[in-house]
Amino acid sequence: MLLTLLKGKLHRARVTHADLHYEGSCGIDGDLLDLAGIRENESIDIYNVSNGKRFRTYAIRAEAGSGIISLNGAAAYMADLGDIVIICAYAQMDEQEADTHKPKLVYCNEDNTVKDTANIIPVQVS
């Protein structure tokens, strides 16, 4: 049996660009892509914390160090500039791989620089 687990996440990134007429995709600062282990053309889910919208597109590389998070094509309708988003990539693996899997988590500052990285999500407490 294959399980689908979180592979990489950009947490609380901010949308910096939207281009309705660009080919569909999400342009992501190359440094952030690499840190989160997200590959170019990989399917990603985007969760808009600011408005609750959730959608899927694919990642493309934006200039490293630019802080760019650009929603392109139809995805440009899903967020406003400055919206806070969570960008996730998932991977399928068997149960044995899942037992040792650690996701790559990247926590972003307001300017999309790296605030912190981790490979475990803290236990939620009441």
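Placement of Cβ uses the backbone N, Cα and C atoms for every residue, glycine included.
Small disclaimer: the values here were computed from a predicted structure and weren't measured.
Over in Swiss-Prot, the protein carries these features:
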- Ser25: active site, schiff-base intermediate with substrate (ACT_SITE)
- Ser25: pyruvic acid (Ser) (MOD_RES)
- Thr57, Gly73, Ala74, Ala75: substrate binding site (BINDING)
- Tyr58: active site, proton donor (ACT_SITE)
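Features per Swiss-Prot, on structure.
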residue : record                                               : DSSP class
Ser25   : active site, schiff-base intermediate with substrate : strand
Thr57   : substrate binding site                               : strand
Gly73   : substrate binding site                               : helix
Neighbour tally for Gly73 (substrate binding site), based on other Cβ positions within 10 Å of its Cβ: 16
Additional residues around substrate, ordered along the sequence, whose Cβ is within 8 Å of the centroid of Thr57, Gly73, Ala74, Ala75: Gly24, Ser25, Cys26, Phe55, Leu71, Asn72, Ala76, Tyr77, Met78
Pairwise C-alpha maximum, in angstrom, for the residues (Thr57, Gly73, Ala74, Ala75) that bind substrate according to the record: 10
Cβ neighbour count within 10 Å of the residue listed as 'active site, proton donor': 17
Candidates Ala74, Ala75: member of the binding-site residues with the richest Cβ shell (10 Å): Ala75
Distance from Tyr58 (active site, proton donor) back to Ala74 (substrate binding site), taken between C-alpha atoms, in Å: 12
Integer Å distance between the CA atoms belonging to Ala75 (substrate binding site) and Ser25 (active site, schiff-base intermediate with substrate): 7
All-chain count of other Cβ atoms within 10 Å of Thr57 (substrate binding site): 19
Between Ala75 (substrate binding site) and Tyr58 (active site, proton donor): CA-CA distance (Å): 10
All-chain count of other Cβ atoms within 10 Å of Ser25 (active site, schiff-base intermediate with substrate): 19
